[in-house]
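Below: one structure, written as structure tokens.
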Amino acid sequence: MLALSLGSVILFGLLTGSLLGVVIAASGLAVLQFEFNGNFSVLGNATWNLFNSFTFTAVPTFILLGEILGQSGLARRIYGAISPGFERMPGKLLQTNIGACTVFSAISGSSTATTAVVGSIAYDEMRRRGYDRRAIVGSIAAGGTLGILIPPSIALIVYGAWQNVSVGALFIAGILPGLLLAGLFMLYIAARAALRPGTVPTAGEVMPWGRALIASAEAWPFVILVFAILGTIFLGLATPTEAAALGVVTAILLAALYGEFTPGRLWAALQATVRTFSALALVIVGALVLSQAVALTGLPQKLVLMVGEAGLPPPVVLTLIYALYLVLGCFFGPVEMLLITLPFVFPLVTGLGYDPVWFGIVLVIVIEIGLLTPPLGINLFVAMAVSRNEVSLGEAALACLPFWLLMLAALALITLFPQIALVLPQAAGFG
């Protein structure tokens, strides 16, 4: 009854246009007031402990890194460097979009940032060359979802910090599933280019392999950034937070080296970071209030007992959880979904015996699917904005449908074969 009441209050608040963080916090405060006689003493320490968390400080740092890459010309240089190699594949620049999103995901940690940056670089040039606008938007929006799966991932940082799961293990676990999805996307684009040649222009000179290899050398800033961020984490030289800070410093130095990063652009990146994280922090505080209230009620433990008494097999429960997140993905962003649901879902899943690292990966994949699901799939709107609304929401959703189905297939595959996500963390000594 309490869970239903909380869900109803949150839904009503959102439908009336209230701020998400305020609605969630008000729900938690109401529980503390009426169920525990206004026992708010738990909130001060909990809020301080979260925002004082060394791991959690990686979130605004990775947001700043993404803003710096967007403000500087590094992302455009990386796209231009890898483009000649991918243009030799069926699908040409559509393949480059997936490749660029995969590359940018390895240094940004955000799906919306990946979609926006790659889209702003690719869309106009591809339209000029005669590519189908829906195919462009579909590849950009779908490729952008990799930003929260391929490490470093802000969503995985939030999941790990929120539920005390090793962020390093989550980062390593996201590598193979991320590459699997990128490979599936590329196979689909190649098949579509073969079956429907009209979506890809046939004209245009293909750069010889020698020149393509020389051009790819221009991607050296990416290699340095990846080592600064992921290399230091995987070699045990830095924590995710330290690696994020190192990535910011490295990106600033590289951009300054090219003469494309001014103090004005740095200030713009800092302002955008503050705006983004401030909105996120409000949701985090609200979710923290709600999670503390829910924990005091014992609702998660009661939920585990209810599921056990109902006799539902764990795969059925997991399927229902997937369905829940697919629906929520139509209305919420990735971090918001995690913050609202994990106090209920995480104890249930771990109580059924599922690995928390594996669950973090499949959960992010389900959230990725939500990013492409109307009416409020965030990546759809980012891709539409990049196209300056030349593509409607319906057209964008239809263009993403094949990728949506491929992500469902990958989700089923990783659910049936958890070692796809767990083999690298186990090899790295994470258990």
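Placed from the backbone N, Cα and C atoms, the Cβ positions cover glycine too.
Annotations in TrEMBL come from automatic prediction, not curation.
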### Query
Which one of 81-104, 273-296 shows up in TrEMBL as transmembrane segment?
273-296
### Message
Mean pLDDT across the domain 'TRAP C4-dicarboxylate transport system permease DctM subunit' (11-420), rounded to an integer, is what?
### Response
82
### Query
Would the transmembrane segment (403-424) and the transmembrane segment (212-237) count as touching if the test is at least 3 Cβ pairs under 8 Å, pairs 6 or more apart?
no
## Note on the structure
With the greatest number of Cβ pairs under 8 Å to the transmembrane segment (135-162), the stretch among 212-237, 243-261, 316-345, 357-383 is 357-383
